[in-house]
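Only one structure is covered here, and it is reproduced in the block below.
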Amino acid sequence: MSHQTVFFAGSTGIAQLATICIYVLTARLSSVAEYGGVVSSVALAMTIAGFIDFGSNSLWVREISAARKAATEFSGAALTKGIIAAAVAAMWAAVAALAGLSVGAAIAGTIVFAVVVSQSSAVPIRGALETHMLSVGVIVDRIIALVVYFALLASQVAPAVAMVVGLAAGPIAGALTNASITRPLERLRAWSVPANPWHGARYLGLASIAVSAQSMDTPLLTSIAGADASGIYGSVSRWTQPMGLLSSAFATTVGPFIAQAGTVRRAWLALRRAMWLPGLAIAICGLIAALAPVLVPLVLGARYADAVPVLQLVALAALLSVLAQPLFTTLQYLSKERVAARLLGCAVAIQLLLIALLGSSMGALGAALASVSSQLIIVVLSAFAVMKMKVEPDE
């Protein structure tokens, strides 16, 4: 498990550096207001993709890794999600065109389809406890995103448009790569009878929606404080994402092993071998917070000087998120998804409420404070829930 975590986390970290490159360069080449608009569109697309998933991928991985179902049994359900995502992307473009939105905002719906397809393609590999194999798809994803982005910039395409197209092209390439490296007998069938993708995913789905709803922080801030505030917030909110995704990679890798272990004690015995990775992510978050006064003007320029305290708070929120990840994953993969969904929903609701209350007066700083508060709640409640779980008789 440890080497799988290293492989997948390493590739995820590298991939997110590529993502940060796209975001930072777009910020430098665009006005603050224009950048805030496209960041909000991308965040909304990611949120909708999470709504469509509704926890189904986590449920499928859990069932496959626990040997209760075969990966191919979810082919019809995966097809249904793809069809829904394509329909959403088409409706998004139509509504944006009628509303007279920018080209970047109008095509951002393609990210919904790309992300849904990419995440579904990873299910058979994750369920087979071969998460390290996903590293190939992750790297291909970001390479294609970068190539498309820079090719469009070289063709004089607007940076915001190039960003959206690149972020949509990457996941499609990653999905094709995942399909090609999946064992033929475990590969999701492209031609299947559509099926309900959310059967049995009720509480995992609620948790998934809560996670996706966190991406609404930028659009909500835009509506309350304007595009300039969301531009400041969006310019640094992605900087700690590599650490968050290192933590997510850890969770993605160890989740199936937790399900296979079956109990808290056996699960945590297995987790200990890979706990150094969250520790590394925590250290990097602390380093980013300390170096924020130097990094922000160096990378973004003087016009983003107000983003320094925002980055420091975002780094603190990321640190807390890393602390919560092993606890939250344990709850979900040991069939405590109802508890996980409730505590996460509570935390996200408080986060969005705080943005609504603080955004108008504090702008980007208020959104960052809301994020810290939300993650602190998740850490405390997750730790309490894990400690309260019943100990199995054999322990």
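For all residues, glycine too, the Cβ spot is worked out from N, Cα and C.
Among the features that TrEMBL reports, transmembrane segment is placed at 6-25 (among others).
The transmembrane segment annotation in TrEMBL covers 32-52 (among others). Counting residues 6+ beyond its ends, the transmembrane segment (32-52) has Cβ neighbours under 8 Å at 23, 26, 81, 84-85, 88, 92, 102, 104-105, 108-109, 111-112, 115-116, 119, 160, 163-164, 167, 208-209, 211-213, 215-219, 222, 226-232, 234-235, 303-304 in the same chain.
The transmembrane segment feature in TrEMBL is assigned to 83-116 (among others).
For 128-151 (among others), the entry in TrEMBL reads transmembrane segment.
Among the features that TrEMBL reports, transmembrane segment is placed at 157-179 (among others). Long-range contacts of the transmembrane segment (157-179) within the same chain: residues 19, 22-23, 25-26, 29-30, 34-35, 37-38, 41-42, 102-104, 107-108, 110-111, 113-115, 117-118, 120-122, 125, 134, 136-138, 140-146, 148-150, 187-188, each at least 6 residues beyond the stretch ends and with a Cβ under 8 Å from a Cβ of the stretch.
The transmembrane segment feature in TrEMBL is assigned to 275-296 (among others).
Among the features that TrEMBL reports, transmembrane segment is placed at 308-328 (among others).
The transmembrane segment annotation in TrEMBL covers 340-358 (among others). Sequence-distant neighbours of the transmembrane segment (340-358) (same chain, 6+ residues past either end, Cβ-Cβ under 8 Å): 203-207, 209-211, 213-214, 216-217, 220-221, 224, 328, 331-332, 365-367, 369-371, 373-375, 377-378, 381-382, 385.
Look at TrEMBL and you will find 364-387 (among others) tagged as transmembrane segment.
Sequence-remote contacts of a segment are chain residues at least 6 beyond its ends whose Cβ falls under 8 Å from one of its Cβ atoms, and for the transmembrane segment (83-116) they are 34, 37-38, 41-42, 44-46, 48-49, 52-53, 158, 160-161, 163-165, 167-172, 175, 194.
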